[in-house]
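Asker: Okay, handing you the structure first.
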Amino acid sequence: MKEKHNPRRKYCLISGLAIIFSLWIIIGNGAKVQAETITVPTPIKQIFSDDAFAETIKDNLKKKSVTDAVTQNELNSIDQIIANNSDIKSVQGIQYLPNVTKLFLNGNKLTDIKPLANLKNLGWLFLDENKVKDLSSLKDLKKLKSLSLEHNGISDINGLVHLPQLESLYLGNNKITDITVLSRLTKLDTLSLEDNQISDIVPLAGLTKLQNLYLSKNHISDLRALAGLKNLDVLELFSQECLNKPINHQSNLVVPNTVKNTDGSLVTPEIISDDGDYEKPNVKWHLPEFTNEVSFIFYQPVTIGKAKARFHGRVTQPLKEVYTVSYDVDGTVIKTKVEAGTRITAPKPPTKQGYVFKGWYTEKNGGHEWNFNTDYMSGNDFTLYAVFKAETTEKAVNLTRYVKYIRGNAGIYKLPREDNSLKQGTLASHRCKALTVDREARNGGKLWYRLKNIGWTKAENLSLDRYDKMEYDKGVTAYARVRNASGNSVWTKPYNTAGAKHVNKLSVYQGKNMRILREAKTPITTWYQFSIGGKVIGWVDTRALNTFYKQSMEKPTRLTRYVSANKAGESYYKVPVADNPVKRGTLAKYKNQKLIVDCQATIEGQLWYRIRTSSTFIGWTKAANLRAQK
């Protein structure tokens, strides 16, 4: 049975509330509103750039032409604008109408509503059937009570978070999926969300003032969130279209029923496609042949508060046509399911001692080599065979390579294979040198290089680059001290990167607070750049340091504290470390003031608090400098 939301309900509600709102404007607190003004009489068309909107203002002020000049007092006299279906593309100039309380611009061609931002007295805004997407410019309209944005193609309504005073909201016929922000609008008594793409209505659970709620033509399957809305007079829930995530087709298909009433009980399907059956809590089908989807229709009368509604719709389960691909590696078979008509994900290439993997073929000996970038899964099961070819013999080359610093202990051999009886030493003494590769060979799937006049080593031990590359280089906030100075030095850049020069032995900085500025990673290790006393020193291996402060040690808290009488001369810092370069001042200026502690950290056994006033961030100080009572 088809139901239809009657639009007259919306406008009856609006008319009644409009009278109340108009009285509220008249008897309000008289607060002044900031708005743009004109200082001399100005032609209408110079103020309102859109021709159609200029005509609307002309008619409103009973002027003969849009070339007529108007004063700010005349513009101040306009308290409402009704210009539906007027081909208006822009409301530029409306910022000069500070006393507008009601604005009806349905059926126009508006996209940008930024000029509305300063209409502080606006209580009623109707923009149905436009092309408005961005709602952020409404955030300061604190008197806005009723808002209608139906038929706009809106998908993001997070801009409504700043309008908790709204009492009626109409968002039907849009593309909304996420209504989380509506949980903040607890004063709503009327809400229309029909004909959207909403499935999760949990954010509505706390809107207990709702009297009229329109949710038809969405993707809703669970009504539990509505159970507490006892003030409802009108509720619409018909024509839900619920689409499950696609699953693989099976001859005997079982799909859990997820349609739930307000009390959490399952709603029994009324009609099930393809001769399916319902065995609570599952819907079952016997599908000997592939079909691309199955579905069931549900219907459930619902009563919430005074509202009676028919909760009905369809649940559709899309099905994927899948077949089995078998990967055969010399008789060892691995199987996987793949959807018909899609590309197959290439498996990891297999290895075979003394052979090179050639590719996956449709036959053991020959056939078609499968191209994972262009070939698609057919509508039947099939096997792909791993085909290998004998390894190529070694060949002459002429290359230049460098030892990767972290591979200095890798072996050098008489022949291209890892055998201790053939080992001639390590690469350590050849670091930082340009080495000539005169031959290459493959063995066991590994590429080997012969270093001229030295011997064979794996290609993975060598690099095209003389210097290490940094994997990342980022700013950090931390403090550390030297833990192990032996054998460690400080460099202008991370060691073995281009331009790195020796600065000093690390032992020179033993016992000093080292402020960590940056972190970088090379193949050797992770490095810290540090400063002492405000002076940048250089880079050091992080393994040589003991980091006693990092931001992850900070924990949020909420306390009230006061400066202890005898601690006014103590300092506060940018971070919880007593280091002069990050010192920000003393506590004297905050004596007898109420301070808020919003974060704490324990650094080397010492508790620190991050403090601020109600309006100003101060910094970190030792907890011992503060007390709980004034």
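In case you wondered, yes, glycine gets a Cβ from its N, Cα and C as well.
It should be emphasised that the depicted structure is a prediction, and the values quoted were computed from it without experimental measurement.
Dumping what Swiss-Prot says about this protein:
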- 1-30: signal peptide (SIGNAL)
- 31-76: domain 'LRRNT' (DOMAIN)
- 75-97: repeat 'LRR 1' (REPEAT)
- 98-121: repeat 'LRR 2' (REPEAT)
- 123-141: repeat 'LRR 3' (REPEAT)
- 208-231: repeat 'LRR 7' (REPEAT)
- 241-330: domain 'LRRCT' (DOMAIN)
- 241-319: region 'Ig-like region' (REGION)
- 320-392: region 'B repeat region' (REGION)
- 393-467: domain 'GW 1' (DOMAIN)
- 472-550: domain 'GW 2' (DOMAIN)
- 553-630: domain 'GW 3' (DOMAIN)
Asker: As a quick check of your reading of DSSP, tell me how many residues in the repeat 'LRR 3' (123-141) are helical, how many are strand and how many are coil.
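Answerer: For the repeat 'LRR 3' (123-141), the helix, strand and coil counts are 3 helix, 3 strand, 13 coil.
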Asker: Taking helix as H, G and I and strand as E and B in DSSP, count the residues of the domain 'GW 1' (393-467) in helix, strand and coil.
Answerer: 12 helix, 37 strand, 26 coil
Asker: Go through the chain and flag residues at least 6 beyond the ends of the repeat 'LRR 7' (208-231) whose CB is under 8 A from any CB in it; none is fine as an answer.
Answerer: 3, 5, 9, 13, 172, 186-199, 201-202, 237-243, 258-264, 302, 304-305, 307, 311, 313, 315
Asker: Within the repeat 'LRR 7' (208-231), what mean pLDDT does the predicted structure show?
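Answerer: So the average pLDDT across the repeat 'LRR 7' (208-231) works out to 98.
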Asker: As a quick check of your reading of DSSP, tell me how many residues in the domain 'GW 2' (472-550) are helical, how many are strand and how many are coil.
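Answerer: The composition, in the requested order, is 7 helix, 46 strand, 26 coil.
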Asker: What is the number of residues in the domain 'GW 3' (553-630) that are helix, strand and coil, as DSSP sees it?
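Answerer: Within the domain 'GW 3' (553-630) the tally stands at 14 helix, 40 strand, 24 coil.
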Asker: If we skip the immediate neighbours and take only residues 6+ beyond the ends of the repeat 'LRR 1' (75-97), which ones have a Cβ under 8 Å from one of its Cβ atoms?
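Answerer: For the repeat 'LRR 1' (75-97), the list is 35-38, 47-50, 52-57, 60-61, 103-113, 115-119.
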